[in-house]
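The block underneath contains the structure these notes are about, expressed in structure tokens.
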Amino acid sequence: MKALSFLFIPVLGLLVCGQSLCPIDKAISEKIQEVTTSLVPGAVRIIGLDCRSVTSRGSLVTCPSGFAVTGCTCGSACGSWDVRAETTCHCQCAGMDWTGARCCRLHIQ
């Protein structure tokens, strides 16, 4: 009988807290929300994304210093490309006439 009552307690807890948060979980969630609401918008406001497009003749193009590749494009209807060292786009088709890259960096305003 004692074993049965010990099994009943966790089940009762699940029934009480099943769909909604328990009071302690709700209090913790509210506190986390309160703290992050005041911190995150302030941090996000001062961080910006600076992006630019660069092109070059041939099969390689490199982003300016401090920028990283976010996408590549190739001439001659070539759709095969790869990113090298996070800063250079390489078009893999033979006889490339041009290669382009979209380069971005985070900056603090």
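Each residue, glycine too, has its Cβ placed from N, Cα and C.
The disulfide bond feature in Swiss-Prot is assigned to Cys51-Cys104 (among others). Annotation note: Cys104 (disulfide bond) sits in a strand segment as assigned by DSSP. Within the same chain, the residues at least 6 positions away from Cys104 (disulfide bond) whose Cβ sits under 8 Å from its Cβ are Leu49, Asp50, Cys51, Arg52, Phe67, Ala68, Thr70, listed in sequence order.
The 10 Å shell around the Cβ of Cys63 (disulfide bond) contains 22 further Cβ atoms across the protein chains shown. In the three-state DSSP classification, Cys63 (disulfide bond) falls within coil. Under the heading disulfide bond, Swiss-Prot lists Cys63-Cys103 (among others).
Taken from Swiss-Prot, the feature disulfide bond covers Cys72-Cys89 (among others), and the record attributes it to similarity to another entry. Within the same chain, residues at least 6 positions away in sequence whose Cβ sits under 8 Å from that of Cys72 (disulfide bond) are Val61, Trp81, Asp82, Val83, Cys89, His90, Cys91, Thr99, Gly100, Ala101, Arg102.
According to Swiss-Prot, the disulfide bond annotation covers Cys74-Cys91 (among others). Listed in sequence order, Ser59, Ser80, Trp81, Cys91, Cys93, Met96, Trp98, Thr99, Gly100 are the same-chain residues six or more apart from Cys74 (disulfide bond) with CB atoms under 8 A from its CB.
Counting only same-chain residues six or more apart in sequence, the Cβ atoms lying under 8 angstroms from the Cβ of Cys78 (disulfide bond) belong to Cys91, Gln92, Cys93, Met96. Here Swiss-Prot flags Cys78-Cys93 (among others) as disulfide bond.
For 1-18, the entry in Swiss-Prot reads signal peptide, with the evidence type sequence analysis.
Around the Cβ of Cys91 (disulfide bond), 25 further Cβ atoms fall within 10 Å across all displayed protein chains. Listed disulfide-bonded residues: Cys51, Cys89, Cys93, Cys103; maximum Cβ neighbour count within 10 Å falls on Cys89.
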